[in-house]
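Peer 1: Just passing along the structure, written as structure tokens.
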Amino acid sequence: MTVRGLRSRLRSGVGRAGWAVADAWVIGRRYLYHLLRKPDEIASTLVIPVLAVLLFGFVFGEAMGAAMEVPGGDYREFLMPGLFALTMAFGIGNTTIAVVTDASRGVVDRFRSMPIASATLLAGRCVADVLAAVVDLTLLVVMGLLVGWQWHNGPVPFLIGLGLLLLLRVAFTWIGIYLGLLVRSPEAAMKFFSLVFPLAMVADTFVPTELMPSWLAPLAAWNPLSSTVIATRELFGNPSMPGDTWIAQNAMLMAVVWPLLIVAVFATLAVRRYRRLGE
Amino acid sequence: MPSVFDPSHPAVLTEGLRKRYGGSNGARVLDGFDLAVAPGTIHGLLGPNGAGKTTAVRILTTLLTADGGHAEVAGYDVARQPAHVRTHIGLAGQHAAVDEFLTGRQNLEMFGRLYHLGARRAQRRTAELLERFGLTEAANRPLRHYSGGMRRRLDLAASLILAPAVLFLDEPTTGLDPHSRNEVWQAVRSLAASGTTVLLTTQYLDEADQLADRISILAPSGPGGGRVIAEGTQADLKARIGTDRIDVIVTTAEQVELAARTVGDVADGAPELDSANRRVSVPVADRVSALAELARRLDDSDVEVDDIAMRRPTLDDAFLSLTGRRVVADENDAGGAGTGRTG
């Protein structure tokens, strides 16, 4: 194999969209190998949602269902879409830690010294996280079915709902990538993760925002998580009490707009940050 | 645009490179850094911790932008043509930049794919490199189970996938045991023999001595830091740094003066006296004959000798000769390739 041969091949490839997709897949596959070698990562993402199914589904569930007067009376039907979205948001922890670990070990230096587009490398992380999220979601759907949750509107709305959830994950992945490039150690990344907790709670996840105090309700309603939760409840035919604010009434639209907006902002920030890493 | 294959043009060239971290009040890390590396040679960039070696490498490998000055690699301007530079370089840094969870083979194939070799060529190149670095047997084991030396060799292999014109090795043996260090040295020598230009940074004079055709010495950080204070072949520098030394350790501090007088005319230069450590350090031209003569004289005298040691000049000695001041030794560097300090 000649050096010249390698180079000309390389140069012809620079800047082509086809290569970008191929590169992102190569990087994405790398992270999937990681997942195979440490399945505990998937497990750790699922601990909180699974505990939440048990805690909110059974311990508080009956009382909450009765107090909230859930249409149809089944709190678990109301709860599951909230937990799906919650899991998508919690994925940010794995993303951030993986990115900061890479950056601290020098692998990122090698990638950056290679002729590959920065956006491609980061997109690879996103690809892997979304595929991991498919695994998360599958397990949670099975868990939901076990505790009596169902989708009622047929397969197409069900799949669209899952699509919206994955789109939310894409958005959170880019926030996670940016944070991972911002902090210098996995320990520092953990601090950010504690902020995700209130973010995931102050939303339509466990209770309708309408039942929250009036100063908190708008905050929760405009939380991107709420739009996805309300939209998936409607698509799955699960009980929903969105309220009559504009943001709640346009949940389906906003479940698309919010993630796209977040990706636009954070992907830009992340790529810029990536190029200047170490300055 | 100068051609990559022009043998008269330096493979690496910097002129007055400047860099400081943390805004205009930040510490100056490089301040007028000049370097010229001829194609096909190994060039050692020698300096203590914090002297700016890594910063220089990061600028040359497009990872960092300089504040001022000019830098070229393989004939391409680092600031204006980073994409071209990246297709001609390989980088192996202080941390093995390979994936812990992937096998050796998966690592190399991944980098091959990212260089757009295509699946089959990536596989072929991987097999070649594994063979060359003696890692074929370990190819299908995850890197977590590799030794430090194996990991570093795989890292080196990964930096060579594209058969780069210029290879940057940033302290390639830091933290390695002597055996692994020798493995890496062997690999670097065979690379240079095949025509690759190598820029190697190191804290150890011994390492630069072993590998490099020419050596640039970076001043320690601080006033006057961030620039090259001496450049040349080993022979050039030896003349400036001083020769080998014999250290005589005596039993009491009072004996230091006496010992210095006794061995004075064996020395090739003024002996250095260190009462605190009960040591007389004698520069010598020919180690073996000087040692015999020195031992004989000490034996005939009343000097009570505790120990005699021969050693090569260290980086500390070099700085003492070049700048007239000692570099404060870094405690963290006691291990690793530091074993290379005694000759």
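Including glycine, each Cβ sits where the backbone N, Cα and C put it.
According to TrEMBL, the feature domain 'ABC transmembrane type-2' maps to A:40-277. Annotation comment: TrEMBL describes A:42-60, A:80-101, A:122-146, A:158-181, A:188-207, A:251-271 as transmembrane segment.
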Peer 1: I'm a bit unsure how to read this: which one of A:42-60, A:80-101, A:188-207 has the highest number of Cβ pairs shorter than 8 Å with the transmembrane segment (A:158-181)?
Peer 2: A:80-101
Peer 1: If you count every Cβ pair below 8 Å, which range out of A:42-60, A:80-101, A:188-207, A:251-271 shares the most with the transmembrane segment (A:122-146)?
Peer 2: A:80-101
Peer 1: Taking the transmembrane segment (A:80-101) as reference, which of A:42-60, A:188-207, A:251-271 has the most Cβ pairs under 8 angstroms?
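Peer 2: Answer is A:188-207, with the largest number of Cβ pairs below 8 Å.
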